[in-house]
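Visitor: So TrEMBL lists these for the protein:
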- 10, 11, 12, 13, 14, 15, 71, 72, 73, 74: NADP(+) binding site (BINDING)
- 58: NADPH binding site (BINDING)
- 6-100: domain 'Pyrroline-5-carboxylate reductase catalytic N-terminal' (DOMAIN)
- 163-267: domain 'Pyrroline-5-carboxylate reductase dimerisation' (DOMAIN)
């Protein structure tokens, strides 16, 4: 990796912060080579603690950076890219983390030969335990993907796939984090109902989710196999699982992933006409 690579983040939210932390953790990119822009200074403090420069000017950031993460809400992408398009050159790599906004839309808002990638991270990037999936645009080469993967390696699991998977990943992992939190909350509340103090119940629920996830990842076993290893005939677990199945937990979770995926696709369809109109 070029030690002189300059990285910018348009947007100073959680995703930008989590990715920035991971990028800096490698030590390959010094904080002095990273800059963040946002209209408000509200979130600048935590970036400045990392040694990162901040600015209110997107134009200044793009002019001084080689690789730019566009980490803003989907409805702001068209406005932001239209603002910076005249400053984007062949040296730039543009990485969007906006849910639902397609590569075709992104490429339509930028100069024809711009290298564009689409990335979907998730909130655990904040603790370098994220799940990230990216796709390359038509002008992005294998080496561009390799560079992005190298930059993100300390953010968590990083995979490349076709763009059709990005919206699915949004439903599975981007939104899925919230589904896990809801389950953890319900798990703890069940213990509170049975008489355990709330603080202890939530601490144990968090550790249960963490431990179960790590075992699932590291063992390489199918979830059903691990689940069966916990169950004993006539024991507590199979009775609890029966209650969950009666409550429709499996179907509700699958539907949640499906609905979140469809919403991501809907956001993409909404952003496309905006981009077309903006280019006229």
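Glycine is treated like the rest: Cβ placed from N, Cα and C.
Note that TrEMBL annotation is computational and uncurated.
Each of the listed features needs to be described in terms of its position in the shown structure.
Guide: Of all Cβ atoms in the protein chains displayed, 13 besides its own lie within 10 Å of the Cβ of residue 73 (NADP(+) binding site).
In sequence order, 10, 37, 80, 83, 84 constitute the residues six or more apart from residue 58 (NADPH binding site) in its chain with CB-CB distances below 8 Å.
The average pLDDT computed for the domain 'Pyrroline-5-carboxylate reductase catalytic N-terminal' (6-100) is 95.
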Visitor: Within the domain 'Pyrroline-5-carboxylate reductase catalytic N-terminal' (6-100), how many residues are helix, strand or coil going by DSSP?
Guide: 42 helix, 19 strand, 34 coil
Visitor: Tell me the Cβ contacts of residue 14 (NADP(+) binding site) under 8 Å, same chain only and six or more apart in sequence, or just say none.
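Guide: Those within reach of residue 14 (NADP(+) binding site), by Cβ under 8 Å and sequence separation of 6 or more, are 123, 125, 126.
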